[in-house]
Each structure stands twice: as C-alpha cells, then as structure tokens.
C-alpha cells in the first residue's frame, strides 16, 4: 500500500484518479497546485511510504503552480508519477522539450507500443489507452527511458534510478483497457528502492577495465555524483580512469545531461538565443573576451544567456569580472530571464544553478589535474541554449566537444581553439568544428577571413578583475585598444554566423561599428542597475 500525495492541477480527472487508487487500498491525499511547495514537502515527510503523483491539467507545465518546484526539489528523493500534464512536467524537468502535438485529442483511444518492461511488464502490446492532450514531449534526454510511443510521439518515460515516470495518456480512464493493472504495477515499481552502490559497481568496473561507458551509464554515474552518493575514492578512481583512457563524447554528454537534470530550473525562452563561453584553463590570462563579446553581441541584436563561474586557473573569470562591474551574481532565474528578454543578455552563475558540484570539489582539489569536470562548464548552461560558441583549452578537444554537442541536441554550434587560447583569435589560425543540423564540419580561420589585422597574443594580456573591468569599460565605451576591438569583433562575428549571418567580414565590420558607438556599455550599466 502506498501513501500518495496527489497534486491537483485543477482538473476533474484528478478525482477519477483518486477513486481508482483508493479502490485498490492506497491512501490518497489531494492538494491543489497553488499550495506552496514547501508545505507539500513537509506533508510528504510525515508519510510512511510517500509517492508524489502529478495529475493531468490544462495549460503548460511552467504555469502549473508549485509543480515545477516540487520536481526540482524532490526528484531522486522519493517516487514521482506524472500523468498527462504531470508527464510533460517530468520531461521538461529532465531537460526535454514540450510542444504542440499537431492535433487536439479529447478522449481518443489509441493503441500504443511499449517495451514490456517495468510497469508495462505482461501488458497487452499494443495497449489501448485514452489520450486527452494537445502537447507532447520530445528531445527526451538520455536519463529518461522512452518506454511507450504512438506514431513517433512519446507516450511514457521512466527514470529507473530516480523512480520517476510519466504517462502522456490517462491510465485511470475506462478507455485504457488495463489501466488499473498499469497503475498498480507502476506503484510497485516506484517503491522498489535501488541501492546506489549496487547499481554503480558494474559501471565502475567498466572504467577500471578501460572500457567506454554508454551515455546512459555515464548519466547514471554522474547523477550519483551530484547527489553525493559516491565515495570520494570511487569518484577519484572513476575520473582518473576516464582521463587516462580519454573521455568519449557519449561519456561527456551523459555527465552533462546528469548535471542539467539536477540543475535549478531556468525559464527557457522560445526565441533563438546563444551562449559564448570557454573552458578556461588555457593559461593565457587574457582579458575576458567572451564576457565582453556577450555584451557586444546583445548590442548587435543577438540574445546571449552566458553561463560562467569564478576563475580557477586565471586571475579573472567571467563572474569575477561581472562582480567588479557591480552585476549581481545571485540574480534569480525570473529576473535573469527578464534581462535576456529586455537587454538581450543575462549571466547565469554556475554555483547558483549547480549545487551538486560541491560533492565533487574536494576530490577535484586533491587530484590537482584536469578531469572531465573541466570541460563540463560550457555544456551545462541551465537555459539550454540552441546555439553556442565554445572555446576549449586544447586542440585535441575541439572535435570531441563538437560531437558531444551533437549528442546533446544543439541546433548549431562551433567549438574553437587558437594558438593556446580557448576562443577565436587573430595571432594564429583558429581550429573550428562547426555543428549544423547534425553535421560537423572542420575548418580553420585566420585574421584574413574576418578582414581584420592580426595582433600578438601578448596584446590581449589581462590582469585582476578590477584591471580587466577598466580595460573593458574603455573598450565597450568605444575607446578601446585596437587589438581588443579586433578580438571581440572576431568572436562576435563567429557568433553571428551561428545565427545565420554567414559573411564573417561583414559581421566583423558590423561589430566594430557597434563597439565604437559605445552602445555595448549601456548593456553593462543596465544589467548592473537591476541589482
């Protein structure tokens, strides 16, 4: 018998569902979604075998009261079952996309195909079910198993380790012929507790034997890492094993999706936007070119949600510089989204969104060597941008990171390295791996391709956050050094290409005109004024 807290998303089906569950002997309490999430979490803590069930409902998941917050705070901590709107909320919470299904269904019987596993074990296949929906989940992340579908549309998902699952259809409906049995098998599956040590040991053994993990195995491993379920010695051994063999794109993608799924949510816009970011660790100690480029790109009409952190290896990371400008690193997600909408730029401070990183920090500090975590930063932007310009500290990483971006489903992106720097530069050829609609093209760019004068790397040397702030203030006000102007122009020109403006030379000239107008600095002061 389960103790079920049924979240009512203001839908009459909630009570049909409650009647079905109670008829099978389960305890059910119902709360509407306008109740604060904290109140419901405290109520769940008083229940002996708690299961959170998310009801159907109108609208979209983000507008369903406390449901998104409950998913963020509780997944992996107790079983969660979502139905229709609840299923869509689960898809979004794990990094998937919810959009129009192409038709509006109200009480239509469809025969779905399922995998015959877990809650679907022993059920008729195809299984007649009742569908009431106009939205559907897609771009399902690696951590979720798609266990039922209809004509290519996702009808059910599950996360085995977290004991979270969702049904797009209505199991409580009379049109779902084996719905009562499905609900009982789902509750039985949900209440089976997996021991992390037991489920992770085969994955660790593969690493010790220098074998490559699948994306799902890597996802499972790093989900345990960010939840603090791995012992320090296990994490150290796993990271070193992967480093010695060389990290595979599927392993990087699995780790990235695990961190994204466990990140604090950001209200993702439906318009085109990008990130421009570097891994750091190139040892160049240059001015913060990508951060300056984000403001200039916004002044050029692009939208940039830049993800960043404080510096580890240089004097000034992106967040160090922003703090020196008086920009609030702890700005909440809604205010950051508003800045992106209105100013064209926002900054998402990594520790605010990825609190699970703290479990790995002691091991990373003890190892004192680069590991997979060093390349994850640019890949775990909680806004899930469809476009990205990513610089890497080593030319050997250019193609693997591009392949990882393909696995992660980016629409268009470029991974670059140039003469020891993790960005487009003009002192040496820039190595590029560009992803566009699933295809990766490798090429090189020089200063001539941008119509710009080459400069020496030493001319881009930076200093402390305060020194870089002063340098970039002059640059963004249109009074900057020519080498600094050219560096930013090249990077923003490349970002413009990812938005469909293919002519790099024309792009660079546009950027220089905007830079010299001083309008980019207005974005800095406006963002700082938002507090």
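The first residue you see is number 1, and the count goes up from there.
Every residue gets a Cβ built from N, Cα and C, even glycine.
On a predicted model such as this, the values are computed, not experimentally measured, just so you know.
Residues 57, 58, 59, 134, 135 are recorded by Swiss-Prot as L-glutamine binders, and the candidate that the same record lists for that site, out of 20, 88, 168, is 88. The closest partner of residue 134 (L-glutamine binding site) among the active-site residues, by CA position, is 84; the full candidate set was 84, 170, 172. Here the candidates are the recorded positions 57, 59, 84, 135. The one whose C-alpha lies nearest to that of residue 170 (active site, for GATase activity) is 84.
Nearest neighbour of residue 172 (active site, for GATase activity) by Cα distance, taken over the binding-site residues 57, 88, 135: 57. The two recorded residues residue 84 (active site, nucleophile) and residue 135 (L-glutamine binding site) have their Cα atoms spaced 9 Å from each other. Of the listed binding-site residues, namely 88, 134, the sparsest CB environment within 10 A is found at 134. For the domain 'Glutamine amidotransferase type-1' (3-196), the predicted model reports an average pLDDT of 90.
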